[in-house]
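Pulled from TrEMBL, these are the features on record:
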DOMAIN    40-181  domain 'Aspartate/ornithine carbamoyltransferase carbamoyl-P binding'
DOMAIN    187-335  domain 'Aspartate/ornithine carbamoyltransferase Asp/Orn-binding'
Amino acid sequence: MLSNLRILLNNAALRKGHTSVVRHFWCGKPVQSQVQLKGRDLLTLKNFTGEEIQYMLWLSADLKFRIKQKGEYLPLLQGKSLGMIFEKRSTRTRLSTETGFALLGGHPSFLTTQDIHLGVNESLTDTARVLSSMTDAVLARVYKQSDLDTLAKEASIPIVNGLSDLYHPIQILADYLTLQEHYGSLKGLTLSWIGDGNNILHSIMMSAAKFGMHLQAATPKGYEPDPNIVKLAEQYAKENGTKLSMTNDPLEAARGGNVLITDTWISMGQEDEKKKRLQAFQGYQVTMKTAKVAASDWTFLHCLPRKPEEVDDEVFYSPRSLVFPEAENRKWTIMVSLRSHHAPCLGSLFL
């Protein structure tokens, strides 16, 4: 799908004595007849083809280049409004959404459970219909995926998943953009997940194989990913000729991996399980010992916030760590997640 146009992107400067690297990767004009995103919800990457996800990454890279590198002003969302429903607090999701939407000329409205009656004094159905009459899209960061499904069913505007118990698609878009910038291509990379079988892992499982990426995941016993999602991921791997392996051994999952990935062991709402989880995840900290069995070009990702028991300082602050470019890319990918679902010809605006 991608050809003819080279976009230059500056890779994050390697810190502490390492030089800045400029990466080149090929991008080009997407085939509009094959990629139609206008009006669609972004609830899970399960609902998108590899071509559609690549299209969003292409647009994100182009936005980043034109706004950050060239200083262009692109008020593509002038006159548009966004409802931001946050049942869970966040640094990156809130900042990236508010600043990104505003940078494109739109007006974001931040709504917590203290501000609206989400499913309490007002039904989700009524909330969806009211928001549909006053905003152009909704980004919802909620506890239950089923609430997102209800909002999407009842709303007449696009609903974007800002995080749920089952999926976190906008985080994975940022991860893939970061890896594309660093490696130049996603195809053939081996992702090594070491941690909880949570929404981040679920989202990787619903998309990695579509790019030709292999996945090796290690989770403690009793903390494996959802069996239905595993079954579907196995199907994707078979269809795309990639490898998917599940284990309870962190070093086995890390062996030969290009990208070491972990996340919090205790998500919001799981605070009562803290003692039990900390015990179950003993041996799952990502360290240089973990990295020694990885590929020679290994890098590290963490969606943040991070705690030292998940990854030690030596890895987290090393030049191999891409966590801060990864965090920044939340902004560029969320801008596209919101904008591309409004306009069928967004790509033509950038060429």
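Glycine residues also receive a Cβ, built from the backbone N, Cα and C atoms like all the rest.
Assigned with DSSP, the residues of the domain 'Aspartate/ornithine carbamoyltransferase carbamoyl-P binding' (40-181) fall into helix, strand and coil as follows: 69 helix, 25 strand, 48 coil. Secondary structure of the domain 'Aspartate/ornithine carbamoyltransferase Asp/Orn-binding' (187-335) per DSSP, as helix, strand and coil residue counts: 62 helix, 25 strand, 62 coil. Mean pLDDT across the domain 'Aspartate/ornithine carbamoyltransferase Asp/Orn-binding' (187-335) comes to 97 in this model.
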